[in-house]
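> What TrEMBL records for ARG47, GLY72, ASP145, LEU146, GLU172 is S-adenosyl-L-methionine binding site.
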Amino acid sequence: RFAVSVGYWKDPYIQYFVRQAKERKAPEINRGKLGWEWGHLTCYYARVHGVSYLIKAFLEKTECNCQIVNLGAGMDTLFWRLKDENLLPRKYFEVDFPMIVARKIHNIKSKPPLSKPIMESHSGDSLLIDSHSLDSSRYSIVGADLRFSSDLEEKLKKHSLDVHLPTLLVAECVLVYMTPQQSANLLKWAASTFPVAMVINYEQVNMRDRFGQIMIENLQRRQCNLAGVELCSSLDSQRERLLVNGWENARAIDMMKVYSFLPQADVKRIEALEFLDEKELFEQLMQHYCICWASKDSSNL
């Protein structure tokens, strides 16, 4: 929300899910810490645009005759942003822990700018909504644990998942919190369930070097355990995990590379928002996150 309020990108819906960030001190007060924060904001900017680019390419290829399953979606606002751009897939699913889902549904029910677009896109029978799930004809939120794919599939099918439709699965900083075996099961399940599918994974990479180790230690200090970090050792290991779990084609690029592909006029605009000279730190941070994507394509999309 802070990045949006400063102007890194537009998201009119995030304000309904996240409270206003506290004011930050001026850059000169703590240059080092702010260099780190600026790096993270720019990394978020590259992530939002990079992931969005791939999602829109998939929607274009399928002419929106597809479904999206957002895994570990949290307070993500993509459904509303796609609706505003007239780019909604046939159905958009979100999955997260029941506790997270309950909080999101509460926000949706209590805020008309969130509930109204769901009603507008809904057709058919009455909309189903309880504390741990929401099901309309175009948008569903499912409370489930991604570590158990049979439970996940059952819940998604209850909400009209169509395995014959081209399907895009999105996971942003999700698989790294699962053990390698758990994430492998999830990727295998997806690859074997949908004849035409694509998966996008955004998470850490190059975690075996000194900078990566410092990142891990910082997270551990905050009781944040990256159970799947061993698969984040390189771009090759990220690609390999997708290929060994049933995906036909896989690519992975670090966020520095993503950043270099973004429209340069907009990059100049965001770099002018908060000028800081911590370029080296920023580049290191960007080289420790990546976007990977893989496809399985029986109909040559």
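The backbone N, Cα and C atoms fix where each Cβ goes, glycine too.
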> Cβ neighbours within 10 Å, counted over all protein chains: which one of the binding-site residues ASP145, GLU172 has the most?
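When each Cβ's neighbours within 10 Å are tallied, GLU172 tops the list.
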> Which residues, sitting 6 or more apart from LEU146 (S-adenosyl-L-methionine binding site) on the same chain, put a CB under 8 Å from its CB?
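Long-range Cβ contacts: LEU71, GLY72, VAL95, LEU152, VAL174, MET178, GLN182, LEU186.
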> So if I draw a 10 Å sphere around the Cβ of ARG47 (S-adenosyl-L-methionine binding site), how many other Cβ atoms end up inside it?
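Counting Cβ neighbours of ARG47 (S-adenosyl-L-methionine binding site) within 10 Å gives 20.
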